[in-house]
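Novice: Just dropping this structure here.
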Amino acid sequence: MNLSASFGGNFIPLSQCSSYNHIRFKPLLYSPRIGCRSHTKFIFHKFSRTLFRGNVKVICRMSETETEHESNNDEERKLPDENDELPASDLVSADNSEQGSSQPVANDESPDSGRLQSESPVNDNDAVTNVDQPKVEDVKDTQVASGSPLPGVKPQQLDESIRIPKETIEILRDQVFGFDTFFITSQEPYEAGILFKGNLRGQAARSYEKITKRMEDKFGDQYKLFLLINPEDDKPVAVVVPRKTLQPEATAVPEWFAAGAFGLVTIFTLLLRNVPALQANVLSIFDNIELLEYGLPGALVTALPLAVHEISHALVAKEIGIKLGMPYFVPSWQIGSFGAITRILNIVPKREDLLKVAAAGPLAGFSLGIVLLLLGFILPPADGLGVIVDASVFHESLLAGGIAKLLLGDALKEGTPVSVNPLVIWAWAGLLINAINSIPAGELDGGRISFALWGRKASARLTGACIVLLGLASLFNDVAFYWVVLIFFLQRGPIAPLSEEITDPDNEYKALGVAVLLLGLLVCLPYPFPFTADAVTSF
């Protein structure tokens with residue numbers, strides 16, 4: 001591959017260097033790395049096979065753990081700070097370029113490649129390469145491995161015409177990236193694109209804007225830039241891929257048809273949940289279909305927080321410019337619905353945008369659900385009787401139990417039935433649906449929130465922990481069992497890559513995200529305190 005090393009402002013093809021090593025790393029990306037970076041102190045003992053004919057040319061030397069970066073375009077180049085690492089070309093005295101001639105000198109020993117010697121001078125047209133090592137452009141089968149910087153991007157059988165040409169890669173290195181944005185130290189093939197490793201300069205968001213602007217000026221919208229965190233070493237990496245490789249997958253069934261079918265089944269389960277007579281014998285529904293109308297009030301109240309949840313997602317996403325697919329409502333025999341699965345169809349720009357969209361739904365759903373729950377405790381039942389429940393049922397939720405104890409007072413006694421407005425049960429179901437969607441796992445709203453708050457690695461760990469906890473809870477709760485199955489098979493993730501995943505959200509949005517996660521915990525965690533003083537003394 002005709003990559004370039006820089007020396008004194010002139011670019012020399014890497015193939016003219018005396019040697020270079022083709023390095024293979026851990027199984028993260030399964031791809032060779034090529035390039036050269038001079039020793040830390042940039043001590044040049046001797047020049048090997050150097051010929052001066054108007055332009056200075058130098059033979060690069062490197063070890064397996066060393067790579068050299070290239071200089072940036074003169075128009076975009078800015079002086080680095082005092083603490084920045086300078087390239088070798090800036091540390092070599094300019095006196096060397098004033099020499100009129102050069103004699104061939106035997107090479108020094110390289111710690112990795114051994115001693116390379118030549119019996120004749122190197123001419124301008126000579127290309128000294130290591131024939132035993134394949135070139136970067138010869139690598140055709142590079143695939144995205146699990147845990148790679150672009151999770152969720154499936155390996156594809158790509159046509160060679162889609163791959164980024166080596167000339168374009170050179171332009172990206174020399175003219176698009178720079179000292180003021182992302183200082184490249186090495187590169188690796190990545191699917192049809194290229195992955196650059198190096199040092200991020202300044203704020204990630206600002207650097208991303210600069211690099212994107214330069215790419216658009218050079219190539220239009222032909223390529224897409226991702227500025228991500230490498231899961232292997234937690235360092236920034238830049239990935240450039242052709243936009244053709246990021247086309248969304250087509251579904252076998254039209255989205256509107258599948259979403260409509262799931263919606264109809266969910267309406268049925270919402271109605272069925274509020275008709276106990278039909279729940280006892282599901283098959284009797286066909287003979288008593290008219291009884292479903294008795295479940296209409298409860299279905300509407302339960303569905304209100306769910307509907308507000310999805311509408312809030314859509315409104316915030318539209319404002320930001322994020323495209324959402326149609327919501328797939330998930331039916332449930334236990335509580336009527338498990339919420340909805342909503343796909344993000346385009347690439348989210350940054351973590352703050354993802355946080356806004358993910359938190360908008362649960363915040364709206366929780367707000368309406370809590371208002372309805374309070375009204376249920378305050379308003380008397382319309383028929384004067386309401387729903388008779390045992391007081392122990394309020395131990396199942398810290399939020400519902402706390403509100404019940406606050407508003408009912410001494411009427412709430414252990415082991416004593418209590419009459420409540422049916423609105424309490426309906427609103428509680430709506431809160432539970434929102435709380436389930438706020439679990440910090442996979443591609444649920446809670447999983448997207450945790451990713452936006454703490455990054456991809458922390459989110460993956462939370463997902464694993466939540467699946468384990470839900471698996472243990474499923475031994476005692478059938479709702480937990482169905483939900484852990486749903487997460488594991490449909491919502492496990494990973495979340496698709498964002499354009500720029502390095503910048504943290506602003507503090508006010510972080511507070512909203514944490515509030516959603518806490519509200520979910522308050523709904524799902526049990527109320528641990530006794531309701532009466534007599535129960536306290538008995539302990």
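The backbone N, Cα and C atoms fix where each Cβ goes, glycine too.
So TrEMBL has the following annotated:
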COMPBIAS  64-81  compositional bias 'Basic and acidic residues'
REGION    64-159  region 'Disordered'
COMPBIAS  94-105  compositional bias 'Polar residues'
COMPBIAS  115-132  compositional bias 'Polar residues'
TRANSMEM  256-273  transmembrane segment
DOMAIN    300-465  domain 'Peptidase M50'
TRANSMEM  357-379  transmembrane segment
TRANSMEM  462-490  transmembrane segment
TRANSMEM  511-529  transmembrane segment
Novice: Would you report the average pLDDT that the model assigns to the domain 'Peptidase M50' (300-465)?
Specialist: 92
Novice: Sequence-remote contacts (6 or more beyond its ends) of the transmembrane segment (357-379), Cβ cut-off under 8 Å?
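Specialist: Same-chain residues near the transmembrane segment (357-379) but 6 or more away: 301, 304-306, 308-313, 315-317, 320, 322, 324, 344, 348, 399-400, 403-404, 407-408, 420-428, 430-431, 433-435, 437-438, 445-446, 448-449, 452, 509, 512-513, 515-516, 519-520, 523.
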Novice: When you scan the chain for residues with a C-beta under 8 Å from the transmembrane segment (462-490), skipping those not six or more beyond its ends, what do you find?
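Specialist: Sequence-remote neighbours of the transmembrane segment (462-490) are 330, 332, 334-335, 338, 341, 436, 439-442, 444, 447, 450.
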Novice: Grab the same-chain neighbours of the transmembrane segment (511-529) for me: Cβ-Cβ under 8 Å, and only residues 6 or more beyond its ends, written as numbers and ranges.
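Specialist: Same-chain contacts beyond the flanks: 355, 358-359, 362-363, 366, 394-402, 405, 431-432, 434-436, 438-440, 445-446, 449-450, 452-453, 505.
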